[in-house]
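Per Swiss-Prot, the features are:
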type    : residues                       : note
BINDING : Gly159, Gly161, Lys162, Thr163 : ATP binding site
REGION  : 1-85                           : region 'Domain I, interacts with DnaA modulators'
REGION  : 85-114                         : region 'Domain II'
REGION  : 115-330                        : region 'Domain III, AAA+ region'
REGION  : 331-450                        : region 'Domain IV, binds dsDNA'
Amino acid sequence: MLTCSDCSTWEQFVNYVKTRCSKTAFENWISPIQIIEETQEKIRLEVPNIFVQNYLLDNYKQDLCSFVPLDAQGEPALEFVVAEIKKAPAQPIAPREPQESPAETFEESKDFELKLNAAYRFDNFIEGPSNQFVKSAAVGIAGRPGRSYNPLFIHGGVGLGKTHLLHAVGHYVREHHKNLRVHCITTEAFINDLVQHLRLKSIDKMKNFYRSLDLLLVDDIQFLQNRQNFEEEFCNTFETLINLNKQIVITSDKPPGQLKLSERIIARMEWGLVAHVGIPDLETRVAILQHKAEQKGLHIPNEIAFYIADHIYGNVRQLEGAINKLTAYCRLFGKTLTESIVRDTLRELFRSPSKQKVSVESILKSVATVFQVKLQDLKGTSRSKELVLARQVAMYLAKTLITDSLVAIGSAFGKTHSTVLYACKTIEQKIEKDETLTRQISLCKNHIVG
């Protein structure tokens, strides 16, 4: 154990942490902790609330073991006392002060609000098969907040337009329902807001503020995972707003059922409508490229737009990054855009799955993403219609992209070579007539990571 003749072991720990975390984190989580008593066997600490206690143990347990006494199990020998809220002495009854209006509360509680991005509106959201449904749902709830799908839960990968739709809902409601209170916030900001009000002993004020909203927009709810106490407060706020028919829109990188949250909150999130934002298909990617290029004043011929879209397929942000890079190059060197310039400038962004790099596992992951099924189900034995089709597509892609024999491919899938052959013939017949399946297979190919 580290020792110091001039300060207690707890003070040593505090000084150590102070040099290794941000000023805000230190003031919110460490500074409020007061030492009550320190002996060779244990340390008694006063914490303002249970959240601070849990944060200390969750984030600094290993460091604590280097400074404070340990118990028989090798755990930090700490005893916590939650501070009592000191009541003010009784005062003579005075004339009642005017109650703070919801509008005043609203203005005072905007510290953590996420400003709506002026560029994120419905009219510049490029629509395609992968996002048509979720955009329609977002437009629907913006027109009738609290009366359509509540909550609206939007999930999908990074850079596919979830935040764009979230902010678009906020803009529309503010412009068409001017009397409604709108608040947009990230999950991290909600947690920081809660911590701040706990520290200031003004949690009721925060609760009143959130419960006075008509539309709550929450970005990246996945950051609520593994934060049980904060999750409980969010769930309480969530339920109150839903019961008052106030609209909630949530975004996440996963559907509710795949989040590591309590069954209670997952069930609440699945009450309304869960909508997926998928990877844009080729035509949508081309439309996005042309729209972004037009905004930048860059002329991009159709054939070059298709060339770029055929090589960049991960998400919209990558497409936007490509346009930014090409715009800068053409302006700096006074060049007109050509395929050669695109190839040289965007070499690092271009991806192309090769037969040598593609594995069965990467194919399965890609198919699971595009067909929106769980990877373990795809590897399982379920004979449901959607899983059978997804497995057949995976086998078809394996035969197309991997140089192994049918026997080896069948072995990788736990099937016989004849099953693989049947799957391939089935898919080949279907793609001649099924345009949607053809697009899905194209997306799978583009999404494969070696």
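Placed from the backbone N, Cα and C atoms, the Cβ positions cover glycine too.
Counting every protein chain shown, 26 other Cβ atoms lie within 10 Å of the Cβ of Lys162 (ATP binding site). Counting every protein chain shown, the number of other Cβ atoms lying within 10 Å of the Cβ of Gly159 (ATP binding site) is 18. Other than the site residues Gly159, Gly161, Lys162, Thr163, same-chain residues with C-beta atoms no more than 8 angstroms from the centre of those residues' C-beta atoms, the ATP site, are Gly156, Val158, Leu160, His164, Leu165, Thr251, Val277, Asn315, Val316. The most densely surrounded of the binding-site residues Gly161, Thr163, judged by C-beta neighbours within 10 angstroms, is Gly161. According to its DSSP assignment, Lys162 (ATP binding site) is helical. Confidence in the region 'Domain IV, binds dsDNA' (331-450), given as mean pLDDT, stands at 83.
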